[in-house]
Every structure is written in structure tokens, then in C-alpha cells.
Amino acid sequence: MAVFKTTLWRLISGTLGIICLSLMATLGILLKNSFTKLSVEPAYTPGPNIELQKDSDCCSCHEKWVGYRCNCYFISSEEKTWNESRHFCASQKSSLLQLQNRDELDFMSSSQHFYWIGLSYSEEHTAWLWENGSALSQYLFPSFETFKPKNCIAYNSKGNALDESCETKNRYICKQQLI
């Protein structure tokens, strides 16, 4: 009788131990995946930038900003005119996105949306200029000659540029250079 109780107790405790280890392993995997998902998926909703989060290899970005190659990007989900977008970015100590190269938006998912960037037509200079006053490099937008003067440029992650009236409401991307 005592041998039977000992064997039964060992069987029950062994089974419960295996179940406990399985649950702990599952919990560990779920926690790892949820933290990885949180740090990879950017929040595209605008809001105050209070908390800092590590999003980039070499720098920290504010909450709701995406870190990529030592720059921080705010990708809006609301639509504004080009000037409203520019003012919002300036209020966040950033500017509308000035593309340095066509690969700059590789981190974005394949979004169908067009976003205002910091490129508009300057009547004074009769040229397309970035918000900081520098000229547009033709290799970025080979078809820029077909853009209509007096417009602003919206861009999507597939590398397409669209010239629209600056009063049209679009989503927008702010860029903050940290280095």
C-alpha cells in the first residue's frame, strides 16, 4: 500500500512538474514576442512626445516616433494641408521629411497612403525646393519636370511622388535628425 502511494505521488508530481514547465516556457515565448512586436510596430497616431523609447540602432526617439538610421520619424494618421503639416512638425522640433535617398523609407510598410514631404514649388526661385531651401535632386524624382508649379509633393512608401495643391489634406511625415 505504501509503495502504491509513493509511486502515485511521484507520477502526479512529475506530471504537474511537466505541465508547470510547459506553461512557463509558453509564457516566456509569449512575453518575448509581445515585447518584440511592441518595439517594432510604430504608433502612427499623433500626440504629445513625453516618454522616450529606444527605436533605433544609435539613438532614442520620442514616443509615437519611429527610429531608423539615427533619425526619428513621425508618420501621421490624420490629414492636414501642407502648411498645417509643416507647422505641426515645427512644433515638434522637426521638419517635413526631406528625402536623402530613395531607400530612406525602407522601414515603412507598403502603405498605399500618400504623405506630405518637405518639397514644394518656390515661385521666388521658380524651382522645387526642400523646406530647408535646398534644391531637389533630379535622381530622386526623375519625372519631377511634369510636376505642376504652385503645388506641393506627397510621397508614398512605394517610391511614388504626387504633386497636389498644397491645400489638399494628406497624411504627413516629420523627420528629426539626431546626429
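Just so you know, glycine gets a Cβ as well, placed from its N, Cα and C.
As the structure is a computational prediction, the values presented were derived from the model and not from experiment.
What Swiss-Prot annotates here:
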TOPO_DOM  1-10  topological domain 'Cytoplasmic'
TRANSMEM  11-31  transmembrane segment
DISULFID  Cys58-Cys70  disulfide bond
DISULFID  Cys61-Cys72  disulfide bond
DOMAIN    68-175  domain 'C-type lectin'
CARBOHYD  Asn83  N-linked glycosylation site
DISULFID  Cys89-Cys174  disulfide bond
CARBOHYD  Asn132  N-linked glycosylation site
DISULFID  Cys152-Cys166  disulfide bond
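In the domain 'C-type lectin' (68-175), the DSSP tally of helix, strand and coil residues is 13 helix, 38 strand, 57 coil. Just so you know, the Cβ of Cys166 (disulfide bond) picks up 19 other Cβ atoms within 10 Å once every protein chain is counted. Calculated from their C-alpha atoms, the gap between Cys70 (disulfide bond) and Cys61 (disulfide bond) amounts to 9 Å. Comparing Cβ neighbour counts within 10 Å across the disulfide-bonded residues Cys61, Cys70, Cys72, Cys89, Cys174, the minimum falls on Cys70. Long-range Cβ neighbours of Cys152 (disulfide bond) (same chain, at least 6 residues apart, Cβ-Cβ under 8 Å): Trp82, Trp116, Leu119, Ser120, Tyr121, Asp163, Glu164, Ser165, Cys166.
Checked against Cys72 (disulfide bond), the recorded positions Cys89, Asn132, Cys174 differ in C-alpha distance, with Cys174 being the nearest.
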